[in-house]
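In what follows, a structure is listed as structure tokens, so that the remarks can point back to it.
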Amino acid sequence: MTGASDRPSPSYWTLPRKDQILLLVLCKLTEPLALTSISPYLYYMIHDFGYTDPAAVSFWDTLVTSAYPFGSALSGFVWGRFSDIRGRKAALLLGTTGTLVSTLAFGLSPNVYMAVASRFFAGLLSGNNGVMKTAIAEIIGSRTEYQSRAFAIIPMTFNIGNIIGPVLGGFLADPVHNHPDSFVGGIKLFEKFPYLLPNLALMPILASAVIAAFLFIEETGDTSAHSKLFFPRENDIGLKIGDRIRSTLGISIPTRTRTTQVEQWNSIDNSKSTSATTTIPLKAVPPLNIFTRAVRITLTCYVILMLHAPTVLQLFSLYLATPHTTPSGHAGGLGWPAARIGMLMSLLGIAGITLQLTAYPLVAGALGNAAAHKLALYIFPVTYVAIPLLSSLPVRAQGAATAAAVVLGVSAVLARTFALPPMAILLTNAAPSRAVLGAVNGVAQSATAASKCIGPFVAGNLYSLGLRIGAVGLAWWALAAVVIVEIYVTRALEEWDTENLFKADAPEPDSAEETEPLVSGRSTTTYT
């Protein structure tokens, strides 16, 4: 075992268990792909369902968009507890399978009600967001120097989806009318279901994620003898089949250590290790005791952030698709076609990945996660107030409007890049015990999903109202006001010290043994 001084410098290339992190990324990627692929054509899909009034289209667009986070809000905590008891792998498998089925159902929607229902069940059946954060935290363990990069992978995955999804959605939507001379343009099925093709195009990726998760993802949860995991690492039928495939292809099979979550959170320094070769199960924490001061503050900031940050790109797509009005333009958007919107969304995804790979780790390393988050908040309101001003530009200045839309879109992505990853890190560090890390992330998923439901719903209805009264900026001004509230609340946000927090907020232990619930030694048992 090497000491801290011998560790390689933290970078994306030196992240521990990159193979497992990449598999988690593949599972998580299914959600943003399904989400972002519909954004370029959703306005036109609802229009084809028979709703021609822009305000009515905006209303139903809001319901479809809000259905997914509403379902996720109802089930997030359940998935978190499920992953604590039955394992991260089982939760990921079920969630990814749910995304596959609901995506196909969305493409087959004959009316707006089916579209809303399919997105609702997609959110209800998927707990991948919170489970992935928990699994990454367990893979990284006490190596906190990797946190800024490891947790940046989560929004980076969204940006990857934001590159692929909008291009597929914008280009493949309604092939009978948009590509009549192609071979898909003559298929009768796409006359009946004009928006099925973009969803069918996602099926190979989603199916690959389900298969790869079953065959190669390793359980990161508590693997002690008392656990009730569906896929314990020493007896995982999926891993055994995956190892046979690896052996057949001549790929080396990794040696897996039969560890518990206790060990994964133990320090890797020699000075902090013990000579014991036994492990103990993680100590249970009463449900209400997970809401320490640090968790409450971090969760409150996270919830407010999710009221506006995920809403902006959805509202931006709707704004870009809304027909332009003259002479003032205050009652309309820019009137872009679906393909053009998809290209811009993909460009913003590329910008997001670039910023996350280059700028974010440097800024977070220099300022800290809490300070990076607070700094990013000041970018949001300026962007929100500026976006609706594009409608004031005359039609002949659409070149300038396009350039400004790109700049403001990148500005929104820049703010998201520095605001979102710190919250996952701060919430992980705020958790009172690793035994309830899944529950903490489950609560966060439910709470933030509720925000992601309320935010687009309120903003979408304000947008519809703004179109009716000739104030297209109404929803954007409301988002700016939310950010101002968030700036005030984040004054209490800190870089949480997990050891000090545990002593300050946890109940007093009954014995000396309980003062170190995360460290009990190391097991050296291995299996292949």
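Each residue, glycine too, has its Cβ placed from N, Cα and C.
TrEMBL lists 507-516 with the feature compositional bias 'Acidic residues'. For 20-498, the entry in TrEMBL reads domain 'Major facilitator superfamily (MFS) profile'. Residues or ranges marked as region 'Disordered' in TrEMBL: 504-528. The transmembrane segment annotation in TrEMBL covers 21-46, 58-79, 152-173, 193-217, 299-321, 341-363, 375-393, 469-489.
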Stretch-level contact, the transmembrane segment (152-173) and the transmembrane segment (469-489), CB cutoff 8 A, at least 3 pairs: no
Segment-level pLDDT (mean, integer) for the domain 'Major facilitator superfamily (MFS) profile' (20-498): 83
Contact set, same chain, for the transmembrane segment (375-393): CB under 8 Å, 6 or more residues outside the stretch: 308-309, 312, 316, 319, 324-325, 328-330, 332-334, 363, 367, 400-401, 404-405, 408, 411-412, 414-419, 472-473, 476-477, 479-480, 483-484, 486-487, 490
Stretch contact, the transmembrane segment (193-217) with the transmembrane segment (21-46), Cβ-Cβ under 8 Å, 3+ pairs: yes
